[in-house]
Structures are given as C-alpha cells and as structure tokens.
Ligand SMILES: CC(=O)N[C@H]1[C@@H](OP(=O)(O)OP(=O)(O)OC[C@H]2O[C@@H](n3ccc(=O)[nH]c3=O)[C@H](O)[C@@H]2O)O[C@H](CO)[C@@H](O)[C@@H]1O
Ligand SMILES: C=C(OP(=O)(O)O)C(=O)O
C-alpha cells in the first residue's frame, strides 16, 4: 500500500490549481440516469470516487466516455449516455466504496420505476443512515423495503410530487429528492433542504436538462415535474473543500500562495474563521491568495452550509495545533469525526476531547512521526500537520486521499513542499 513521506518545515509558495468538486461531480454523474440524451460534464476531477461512480453507472449499462486528456493536468470531460441503461441494480461491491452510490436511487425510481441499491459506504465518520432519503421517496409514493443489505424500491405508476419536510438538514437526501422529483407527476416542495453550493450546481445542471426547479440554495426548493429530460453540457463547480484544504496547508506552513480558480463566495464561514485566526485571505482576479500573519487560537463549530463545513474541521484542527492560545473545535454533523486527534497528538499536538468538542492548546511546533490515515479529511489533516512539522512524517493508508485529492503530492511539491509518494 502506498504511503506519503513528508519532510516538513518549508513554507508553501506559488500557485495551486483547484479542480472540479468531487461532491458535486458525483451527483451530476447520477443525473445521467434521468435522460436518454448525452450528459457532458466538463472539469471532472481525476479521483478514485469518480472512477467508482463511472464503474457503477457502466455496470447498469450507462455509456461512459472520458475524453482523451490534453495533458495529465488538464481537467477531464466526461460524456454519459443514460439511454443505454439496462439494469437497475447498484451492486454492493461498488456502492460499498463510497457514500454517493445511494444517489442513483432517486434517478432510477424516477426514470425506471424500480431500483435495487446496496446500502452505501463512504468515510467511516459516523453511522450515516439513509432514513431521510427513504422516507422522502416514500412520500413521493415509492414502496421501499430492505432486503439483505439492499434498498429495494418500486414506483410502478411513477412518483407523485409532495411536500417533504426534512427533520434536519441532509445534503444527500436533498439531492436524491431533487433528482427523483424532476420526473414526478406534479410539484414537490422540499422544506428544510440543504443549501450547499453543490445543491445549486446540481439544480443548474438539471435545469439545463429541462427540469423546472426553483429555490436551490435556499431552505425551500420547489420542483415541478416534467415528462422527460434532455442531454446537456455542464461544467462542474470548483471544489470548495479542496480550496479550504490548500488554504489551511499554506497557512500552516506560513507560506504565500494563490489558489487558482477558487470560488471564495462558496467558503464564507471558513474564510471568516481563518481570518479570525490570523490568515490573510485576498480575493485576486484568478482566485484566492493566502498568506499568514501570527496565528491565534479560534473556536469553530461545524454546521450545515452556510456554516463552517464539517469537511474542513480536521484541516482547521491541523492549523490550530500550532496557533498561539486555545481553540475549541465542535463537530455537530458526524458523531465520529475526530479520528485525526490521536494521530495529531503523536506529532506533539496538545488536544483534549470532550464529547463532540476538541480543546486544542497551541504548541510552538509539531514533530514528524509515522501516522495512520483513517478517512479522507483526517488523512489530509495529517498531511498538513506533516508539512508544518519538523522532521519526517510518513502517512500510511493513503488510499483515502486518492478518493478526494487529485495529484495532492505533485500540487504541494510544485509549491516547494518536500513530499513524495512511496510505493508500498
Ligand atoms: C458525497 C458527499 O457529498 N458527501 C458529503 C455529504 O454527505 P452526506 O450527504 O452523507 O451527509 P448528510 O448531510 O446527509 O448528513 C448529515 C447528517 O445527517 C445524518 N443523516 C443523513 C441522512 C439520513 O438519511 N439520515 C441521517 O441521519 C448523517 O448521519 C449526518 O449525521 O454531506 C456531508 C455534510 O456536509 C459531507 O460531510 C460529505 O462530504
Ligand atoms: C465525507 C466525505 O465523503 P463521503 O461522503 O463520500 O464519505 C468527504 O468528502 O469529506
């Protein structure tokens, strides 16, 4: 198994190009099931989760073509043809690898009236049930059973629009319901919907395919069902979590770099927290410039968008461990998202866990150590810590990183980091 070896202490300087958003592209790919036309996606990141989703769609008969890239750094174009779909089974062996696998359920039910979809995998950051997805689809008229680890769903007479009020915010349930409702009869109203920018990206793609959707980006979304959707061409939005990750890496190494293509307006809460901690964030014509003043401890609480993203909590902790003073990081979305804490402590961080809060007391410096990556964002937090630490850090189990970060080692090395991938 590959590892990442880092010799820390070099400030990151230069430019880092931000890729297309994983958590948008995966759902956009699932919309191909809703149309017989061709869906062309531009700016698709080169990630393991993208390949897994492509494999899942191909296993159901969807035509999947990656355009021959102009160079290994060029963004990918992906063409998906849902018209050739010949199976409504989403197999355990593929879906267990990632959370987004369950996002084929809504489109399959809406277009084909049935689905057999394995309960999904993804990062082991909590129990992550899918009850809100299932209850919402039932409210649109779907019959749903669980059988041997599979969701077995049917809507033989088609889905019917309804008002669905989510008891709490779920990104995935909102996305599944939006996709399902595009082809339902009548109007669907989603109340207490997720407001993440990826939801807006999904709605914009569906609108380009002929769907009637209003309110995406607010907590109430209305979808008026149509008889069919056409193909479309859509560009995947820039990855705000990749952006926040590199911003924190630059700050943690006290560097100075431009994140090319970043969309600062999708990162308001994270930018505010970084600014409060002493990170200087400038909006520049081609993205965001990150520099660092004196770092001071800052409290952060994760919340659904527009709050501070849970997907940046581990990276923020890696930044706060060498800030002056104390910070309290509180995780409200996932019950098991502090697995980076013991690993950061192995590098000399001073952290106390109290339930869903971590009290970080800043130390002058970290020291490199062998550490174990446990999930995607925890893994990259260890990379950030390694870049800032004195001496050598070896990050083990880096397959998690390949799910969400494209050419991480090369992007960081181009900014001066001493980092290499070591074949294991
Ligand atoms: C592929 C993808 O886009 N993943 C993102 C998505 O995950 P995902 O869509 O899985 O996250 P949700 O917003 O659905 O989960 C939020 C909370 O609701 C709970 N829940 C969710 C659904 C449900 O039916 N029942 C239930 O109890 C979850 O366990 C969690 O505690 O949004 C999360 C929150 O921003 C991000 O951290 C993930 O990176
Ligand atoms: C938790 C994440 O991904 P997933 O939902 O696919 O596990 C993530 O992107 O941080």
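Cβ from N, Cα, C; glycine included.
Residues or ranges marked as active site, proton donor by TrEMBL: 123.
What TrEMBL lists as phosphoenolpyruvate binding site is 22, 23. Taking all protein chains in view, 27 other C-beta atoms sit within 10 angstroms of the C-beta of residue 22 (phosphoenolpyruvate binding site).
Here TrEMBL flags 99, 128, 129, 130, 131, 132, 311, 333 as UDP-N-acetyl-alpha-D-glucosamine binding site. All protein chains considered, the CB of residue 99 (UDP-N-acetyl-alpha-D-glucosamine binding site) has 19 other CB atoms within 10 Å.
Here TrEMBL flags 8-412 as domain 'Enolpyruvate transferase'.
Positions annotated as 2-(S-cysteinyl)pyruvic acid O-phosphothioketal by TrEMBL: 123.
Put simply, the two farthest-apart Cα atoms among 99, 128, 129, 130, 131, 132, 311, 333, the recorded binders of UDP-N-acetyl-alpha-D-glucosamine, are 22 Å from each other. DSSP assigns residue 130 (UDP-N-acetyl-alpha-D-glucosamine binding site) to coil, not to a helix or a strand. For the binding-site residues 128, 311, 333, the ranking by surrounding Cβ atoms (within 10 Å, all protein chains) places 311 first. A helical conformation is recorded for residue 23 (phosphoenolpyruvate binding site) in the three-state DSSP classification. On the backbone, the CA of residue 22 (phosphoenolpyruvate binding site) and the CA of residue 131 (UDP-N-acetyl-alpha-D-glucosamine binding site) stand 23 Å apart. A Cβ distance below 6 Å to any atom of ligand 2 is met, among the binding-site residues 99, 128, 131, 132, by 99.
Its Cβ placed at the centre, residue 23 (phosphoenolpyruvate binding site) has 22 other Cβ atoms within 10 Å.
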